[in-house]
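Accompanying notes for the structure given below.
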Amino acid sequence: MRLNGEIEEDEEEEKVAKSLNSQTYSTGIGFPQLQSQNLVVGYALTSKKKKSFLQPKLIRLAWNKGIFFVAIDLKRPLSDQGPFDVVLHKLSGKDWCNIIEDYRQKHPEVTVLDPPDAIEHLHNRQSMLQDVADLNLSDCHGKVGVPRQLVISKDPSSIPHEVNKAGLQLPLVVKPLVVDGSAKSHELFLAYDQFSLAELEPPLVLQEFVNHGGILFKVYIVGEIIKVVRRFSLPNFSKHELEKVAGVFRFPRVSSASASADDADLEPSVAEHPPLLLLEKLARELRRRLGLRLFNIDIIREHGTRDVFYVIDINYFPEQA
Ligand SMILES: Nc1ncnc2c1ncn2[C@@H]1O[C@H](COP(=O)(O)OP(=O)(O)O)[C@@H](O)[C@H]1O
Ligand SMILES: [Mg+2]
């Protein structure tokens, strides 16, 4: 039985906590609020996640507000522990999902963050963006969509034909379809021609590269609180470059490896955060449709536009303020 979710956590998570000197927007109350009584949060996290999230400062701050974190003992039945007001978890594995789902059914009075099947929805790069694609946010202080993309389930030799048929524009960002927290699931490639794609290993998502001035916005959603940080990302490419280069190239995790771009000297049209009203609407809709309360959205602005945005990634319970 695999309960302790020994997966390799996103390196990114370590970095984000350090880059939170940006704007926080709070629009209301997302979690059970306490006046006089205490709140007990049972947590089930990997040791790495526990170390990065449950830092002494947070524990102290919570304590002062009457919020207490209690480790869930994975060797004992969950229902014998507690009572908890909130259960916070980020572990992998079918067994854990079954335990937490069963607990949710039997304890409707406990706020479980979040339902395992809703989290599972984000482990596939196609399903994670489907809800954004289904949204109609075209007239809300900006437009939000997802880059055009194609899923290749098997037979890489069919890729050149599939790309042509779908009319996808090069270059393409190649991403593993499944995101399971492993380093491999974050191994991304840039493909400058469709023929080299036949070398890659499906299942994959092929996504049109969108020029975005080298800046990415990470939008953290915690209940009804929204926080935005700016990060460096891949630079724009030119048509000229596309004519000169062929092949498929692996690229590093650029947005996580580099420092925060919050204080960088950037062109205002690139640096400006997406409109708050747009983010609020997007967050509200996604919270509802995904059934999640702790997640983050990677969003980019199409270069040369003021208000055309693309969501390229959604992650569950990353590090945040
Ligand atoms: N469609 C795209 N257009 C331009 N850049 C992209 C696109 N998709 C991803 N990127 C770049 O690649 C990085 C990683 O992509 P992402 O989908 O967030 O994968 P990961 O799961 O590894 O975080 C992004 O932060 C961004 O810099
Ligand atoms: Mg990402």
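Each residue, glycine too, has its Cβ placed from N, Cα and C.
Just so you know, TrEMBL annotations are computer predictions that nobody has curated.
Copied from TrEMBL, the annotated features are:
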BINDING   K49, K90, H186, K218, N315  1D-myo-inositol 1,3,4-trisphosphate binding site
BINDING   R125, K175, 207-218, S233  ATP binding site
BINDING   D298, D313  Mg(2+) 1 binding site
BINDING   D313, N315  Mg(2+) 2 binding site
DOMAIN    40-119  domain 'Inositol-tetrakisphosphate 1-kinase N-terminal'
DOMAIN    141-318  domain 'Inositol 1,3,4-trisphosphate 5/6-kinase ATP-grasp'
Binding-site residues compared (Q207, N211, S233, N315) - highest count of Cβ atoms within 10 Å
Q207
Same-chain residues at least 6 positions away from F217 (ATP binding site) with a Cβ under 8 Å from its Cβ, in sequence order, are V228, V229, R230, R231, H273, P274, D298, I299, I300, R301
Look up G213 (ATP binding site) in the DSSP assignment and reduce it to helix, strand or coil.
coil
Listed binding-site residues with Cβ under 6 Å from ligand 1, out of N211, K218, D313
D313
Of F209, N211, D298, D313, listed as binding-site residues, which ones have a Cβ less than 6 Å away from ligand 2?
D298, D313
Counting every protein chain shown, other Cβ atoms within 10 Å of the Cβ of K49 (1D-myo-inositol 1,3,4-trisphosphate binding site) number 23
Grouping DSSP H, G, I as helix and E, B as strand, the residues of the domain 'Inositol-tetrakisphosphate 1-kinase N-terminal' (40-119) number 36 helix, 19 strand, 25 coil
Neighbour-count leader, CB within 10 A, binding-site residues: D298, D313
D313
Taking every protein chain shown into account, which of the binding-site residues H186, K218 has the largest tally of Cβ atoms within 10 Å of its Cβ?
K218
D298 (Mg(2+) 1 binding site) -> DSSP, reduced to three states, gives strand
Cα-nearest neighbour of S233 (ATP binding site) within the listed binding-site residues, K49, H186, N315:
H186
When you rank K49, K90, H186, D313, N315 by Cα distance to I215 (ATP binding site), which of the binding-site residues ends up on top as the closest?
D313
